[in-house]
Amino acid sequence: MTFFRFIAAGIFLLALSLSAPIARAQDFAAALADFTTDSFSDTEKAVTTIATSGNPRAADVIQALQDGRLFFTTEPKAVFIRTADGKFADAATGQAATPASPRPVRLNNRLRRSVDAALGGLTLLSPDANKRLEAAISVFRSRDAAALPTLDTAIAKETNTRVKRALTEARAAVILFKTDASETDKLDAVAVLRARGDQEAKALLSSLPADSPTNVKTAAQSAVAAIESNLALWATAQNAWYGISLGSVLLLAAIGLAITFGVMGVINMAHGEMVMLGAYTTFVVQEIIRTKNPALFDYSLLIALPLAFCVAGLVGIAIERGVIRWLYGRPLETLLATWGISLILQQAVRTQFGPTNKEVGNPSWMSGAFEVGGLTITYNRLWIVCFTLAVFVGLLAMLRFSRIGLEMRAVTQNRAMAASMGIRTGRIDALTFGLGSGIAGIAGVALSQIDNVSPNLGQSYIIDSFMVVVFGGVGNLWGTLVGAFTLGIANKFLEPFAGAVLGKIAILVLIILFIQKRPRGLFALKGRAVEA
Amino acid sequence: MITRTLDRGGWIFISILIAAAIIVPILNIATSPSSPLHIPSYAVALLGKYLCYALLALSIDLIWGYAGILSLGHGAFFALGGYAMGMYLMRQIGTRGVYAHPTLPDFMVFLNYKQLPWFWYGFDMFWFAALMVLLVPGLLAFVFGWLAFRSRVTGVYLSIITQALTYALMLGFFRNDFGFGGNNGLTDFKDILGFNVQAQGTRAALFVLSCVALGGCFLLCRAIVTSKLGKVLIGVRDAESRMRFLGYRVESYKLFVFVLSAMMAGVAGALYVPQVGIINPGEFAPSNSIEAVIWVAVGGRGTLTGAALGAFIVNYAKTTFTSGFLAPYWLFMLGGLFVIVTLLMPRGIVGTFRHWVAQRKAKKDAAKAEPNGAQPQAAE
């Protein structure tokens, strides 16, 4: 029985939905014809009919009327919309038309009001969810009491939760400022706005009209306080997230240096250029994919990662074998020589690719953002944080568990003994340096997603990277991790007070002062290894 | 006194400086432009610029070559001295600026400053500016050095934080609200002590002054490194902890030369600005400071004359190669120079030459006194 009733209802609804558009289409055409009589009362009738017709062209027509772009001809009776480029389109169909001597549909003030109301209502009821949302937000800002009936209809009809919330909030805003609304309604409105809990809600609640009931006022005050503390909490969380994201960028840039400088004691001023090489590898990979097989674009970073590791790693090995191995034990001279190498690499890239920024695209899975409460998190930052931690853990595991890691640690701890145990120290040196450079290369792949890929890319990270390693303590990867995140988070929390540049200066000064206290960094090596 | 402090290279260096100070202005002013001996004014300014760089290199050599302090931020002291002089020159413009404001320099009017910032007071007087040229770099070096040396920050750590220091200053000076003209810096100078900065005579006088400053600082450095103080510094350079165990207050010695060297760099900057006509935050860039270190390395670390020579050679090469068809390759050359010098010529030009001379002498001596077999002494 219920089943049949259900079917019957379904058929009835179907019939209704099929018949209604036809009836409305006739309404729409008839209403358009009313514009051609050139009388204000007919025009008003037309506006109301069109606004309720549900025709997809209704919004365009009313909008044109409001802008003074609606024209009509009497012979034949037809209505036209003038588009932005001065051409005409048929109002009923939207197709291009060339009317003979069109006259504008005139408006007076009374008409203008009903046009405005019709337009607001139309977008609130628009079939496009985004348009409804926009309309709700604009009502929220304008707090126009005239929109209240349409709002109620729209809320009743709405199925999209997000739009429904926006509509309810818009209604609350209207009610709160409507003088003749009941006290309970207003209290409900305060509760809705309190739940919204953002800056705009706070502004509304703290600018209540003077004649609001006392109950409403106290409720609003407590709501404002609640919103404020909530906002402060989210702002802190957002800052912390920015800090973590900046910290992971610093860690990425510094982690390779932590190996070459921290573990091997080589001041590699060309480290930034290894990062740059990684970024350019990404660029080249994407260029090839663009021309050969655009479908692979989403995998471009995955392809670039091993390539960047190899390119930067091989260049690093070449540098170690060619220059650095002659300079062990003379750190200041490795500094000068690698600075020279960094100049050569920069110029080489500039000669090959030009001095301008290269465009590196984001794959689709790295674009966009999502929201958690009051937090906005972009996917590319999130991926970089995850990637950084993965690289860090991978590196730790490699040094701890692999044969080559064991040999690397042996050589850095006691070169002579390692050599007498049969480890080929020269080879290990080259591989360690190659590893540090390779990691810089894959850092470049990640950084190409958030920074300009230009020959100067490396220079912008080199000082920060050294600061991280020195701050964290040389010879200790955990120190680099803590150092990077401390500096990143400190930087982001200083920024609101001091501005970006002064914040950075403050961080540099703080590090200089910190080094006074702990000359060998946060996690200093102790014992005999210190002087070595 | 001078005869005692100067070796043969020192005499040659001073003689060249004196000759240059006399001959260059004469050939610039007294000869007609068509004469083959004529030195055009731009060349005088260029040579003056090299002299300032040589003075900067000398100041780096004093601390790096003799006390083992590798500062990668000495350009900061140079730039601070330059800014102090630039501020004086800015105030001398007076109402001749574009906005003709009686007290505010053009960029302040442009940036809507209502009054002169307090740290610009006094810079309308030359003696005050000259004092600041010494005092500002000296004070910064004192504070920084006191903190760093006392807590025994040495070696590469010191190098890296000096680099951070100049980087931080660069970021600051690039800001418009810092009160030093933002990234345009200070420029459009008119007068210095009532003389037109652009005039031929002023340029020649500035050149002579640069010669005098370089010569004077050279003599001062020689006096220091040949004195007992110098011996202590060399001891610190070679075995810092041993010197500490011997009872020397290592940090005081280091602090003294560091501050002195910063002041010398400040003087170099102050002479540089009127000859070049501009000072901007780019001078604080860490790459500039590192480049200055390489001048010293090329000429010969710990030789003083070598530092000046290196500054001359590298900058001459830079001027030559950054114009013309080789310009895009200049950074390859400079980078290659860094690598080659550190790998193949760790003593630099003058150091290698001295080493060669000393070895030849030792061989001769050994040949003379065959039975004793005296060991050759390396000159350092």
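Backbone N, Cα and C atoms are what each Cβ position is placed from, and that goes for glycine too.
Remember, TrEMBL labels are computer predictions, not curated facts.
The signal peptide feature in TrEMBL is assigned to A:1-25. Residues annotated as transmembrane segment in TrEMBL: A:240-267, A:296-319, A:382-399, A:430-450, A:462-485, A:497-515.
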Interface check, the transmembrane segment (A:296-319) with the transmembrane segment (A:462-485), three or more C-beta pairs under 8 A: no
Contacting positions for the transmembrane segment (A:462-485) when only residues 6+ beyond its ends and CB under 8 Å are counted: 243-244, 247-248, 250-251, 253-255, 257-258, 261-263, 265, 269, 271-272, 342, 392, 395-396, 399, 412, 507-508, 511, 514-515, 518, 520-525, 529
Positions on the same chain near the transmembrane segment (A:430-450), where near means CB under 8 A and six or more residues out: 249, 252-253, 255-260, 263-264, 266, 268, 271-272, 274-283, 301, 304-305, 308-317, 319-321, 324-325, 360, 362, 366, 380-381, 383-384, 387-388, 391, 395, 404, 408, 411-412, 457, 461
Long-range Cβ neighbours of the transmembrane segment (A:497-515) (under 8 Å; 6 or more residues past either end): 467, 470-471, 487, 490-491, 521
